[in-house]
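S.K.: Pasting the feature list from Swiss-Prot:
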TOPO_DOM  1-14  topological domain 'Cytoplasmic'
TRANSMEM  15-35  transmembrane segment
TOPO_DOM  36-49  topological domain 'Periplasmic'
TRANSMEM  50-70  transmembrane segment
TOPO_DOM  71-80  topological domain 'Cytoplasmic'
TRANSMEM  81-101  transmembrane segment
TRANSMEM  103-123  transmembrane segment
TOPO_DOM  124-135  topological domain 'Cytoplasmic'
TRANSMEM  136-156  transmembrane segment
TOPO_DOM  157-169  topological domain 'Periplasmic'
TRANSMEM  170-190  transmembrane segment
TOPO_DOM  191-208  topological domain 'Cytoplasmic'
TRANSMEM  209-229  transmembrane segment
TOPO_DOM  230-245  topological domain 'Periplasmic'
TRANSMEM  246-266  transmembrane segment
TOPO_DOM  267-274  topological domain 'Cytoplasmic'
TRANSMEM  275-295  transmembrane segment
TRANSMEM  299-319  transmembrane segment
TOPO_DOM  320-332  topological domain 'Cytoplasmic'
TRANSMEM  333-353  transmembrane segment
TOPO_DOM  354-363  topological domain 'Periplasmic'
TRANSMEM  364-384  transmembrane segment
TOPO_DOM  385-396  topological domain 'Cytoplasmic'
Amino acid sequence: MTTNTVSRKVAWLRVVTLAVAAFIFNTTEFVPVGLLSDIAQSFHMQTAQVGIMLTIYAWVVALMSLPFMLMTSQVERRKLLICLFVVFIASHVLSFLSWSFTVLVISRIGVAFAHAIFWSITASLAIRMAPAGKRAQALSLIATGTALAMVLGLPLGRIVGQYFGWRMTFFAIGIGALVTLLCLIKLLPLLPSEHSGSLKSLPLLFRRPALMSIYLLTVVVVTAHYTAYSYIEPFVQNIAGFSANFATALLLLLGGAGIIGSVIFGKLGNQYASALVSTAIALLLVCLALLLPAANSEIHLGVLSIFWGIAMMIIGLGMQVKVLALAPDATDVAMALFSGIFNIGIGAGALVGNQVSLHWSMSMIGYVGAVPAFAALIWSIIIFRRWPVTLEEQTQ
């Protein structure tokens, strides 16, 4: 076995470790979607009231991503990952012990703090540790961790919550994070901060219209997605009239389809990212517009969820690739902004879905989400024609 072979295997193992970490972080972000009813019952609240926790979490991440990234810009990355995992684990212990909804929200804010730092550095670390010529595949592997959070983490968290209580779901995530932390300590080398940028990077980034256009596209399309996705569980049960088990299966199917999207992007993203993203946004638009009509059939909803999951994974990967390509001199700052903007979209979508459900009808969340999806489609066509260069090649 050659040294080069060993090095490539070690490199992939490190990327896999980051992908597992991504799975852990995204599981805890997504899992409340499947636990809203149980948490609401525990604290004698309405489901829509508990749902505001999703917006609080997302907007804390959005608000703190850039400040935390700047504060830690010179910190060695292995040490930083260890510290943020400690905060992450401690916050989940507090979630397990929560004696009131306020305490639960406080614990989730602690998780959001760790999240804010994690996603501002993970994509650039994955690219940095990937074998030569395999950077797009490394990003796809990280995205696969995200998809597995939906296909395995969210349904398993929901099942644990149903049988053992929602507190045990958060405790189990904390245990998983502890195991992941031990793996990080064992496998990761010292990772001095590189190309992290600083506050001085912001004016330079803001003067890049292509990058700003990608940020705007991101917040609009994520808002569209989360307007419907945040309340997909009660939609399936209360509007479509299907069972709780089918709701779990639908979440499983949507997440699994995300893995398909990750594979597609890994194979075609190097050459066709712009076309893939615009096509995926169009697919998302169709899925949202057909959500209510599809609610009359389990098969229709199942097929729709497959295309929905594929679309969102391609969109997420495409946005990351373009951000990294447009800011190679300040990747951490650019990704901190991306993480913050992405979470603005999550919070906005969850809030819109909340308000539609409370003051109009939950049956309308798909139609309402389709409005920003249509705007995102038009914007993507405009900006990809304005900047037609195959940006993703710059990250190779």
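All residue numbers here begin at 1 and follow the chain in the order shown.
Even glycines carry a Cβ here, placed using N, Cα and C.
Since we're looking at a predicted model, the values are computed, not measured.
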S.K.: Which listed range (81-101, 299-319, 333-353) shows the maximal number of Cβ pairs under 8 Å with respect to the transmembrane segment (50-70)?
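M.R.: By Cβ pairs under 8 Å, 333-353 leads among 81-101, 299-319, 333-353.
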S.K.: Under 8 Å for C-beta pairs, could you tell me which stretch among 81-101, 103-123, 136-156, 209-229, 333-353 has the largest tally with the transmembrane segment (246-266)?
M.R.: 136-156
S.K.: So what's near the transmembrane segment (364-384) in sequence-distant terms, Cβ-Cβ under 8 Å and 6+ beyond its ends?
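M.R.: The answer is 210, 213-214, 216-217, 220-221, 223-228, 231, 235, 274-275, 277-278, 281-282, 284-285, 287-292, 349, 352-353, 356-357.
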S.K.: Over the topological domain 'Cytoplasmic' (1-14), what does the predicted model average in pLDDT?
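M.R.: 66, rounded to a whole number.
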S.K.: Considering only Cβ pairs within less than 8 angstroms, which of the stretches 103-123, 170-190, 275-295, 299-319, 333-353 has the most against the transmembrane segment (15-35)?
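M.R.: Most Cβ pairs under 8 Å with the transmembrane segment (15-35) come from 170-190.
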S.K.: Against the transmembrane segment (170-190), which of these stretches has the most C-beta pairs under 8 Å: 81-101, 136-156, 209-229, 275-295, 299-319?
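M.R.: Top-ranked stretch among 81-101, 136-156, 209-229, 275-295, 299-319: 81-101.
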S.K.: Please indicate, using numbers and ranges, the residues of the same chain that are 6 or more beyond the topological domain 'Periplasmic' (354-363) and have a C-beta under 8 Å from a C-beta there.
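M.R.: Sequence-distant neighbours of the topological domain 'Periplasmic' (354-363): 48, 51-52, 55, 227, 230-231, 234-235, 238-239, 292, 295.
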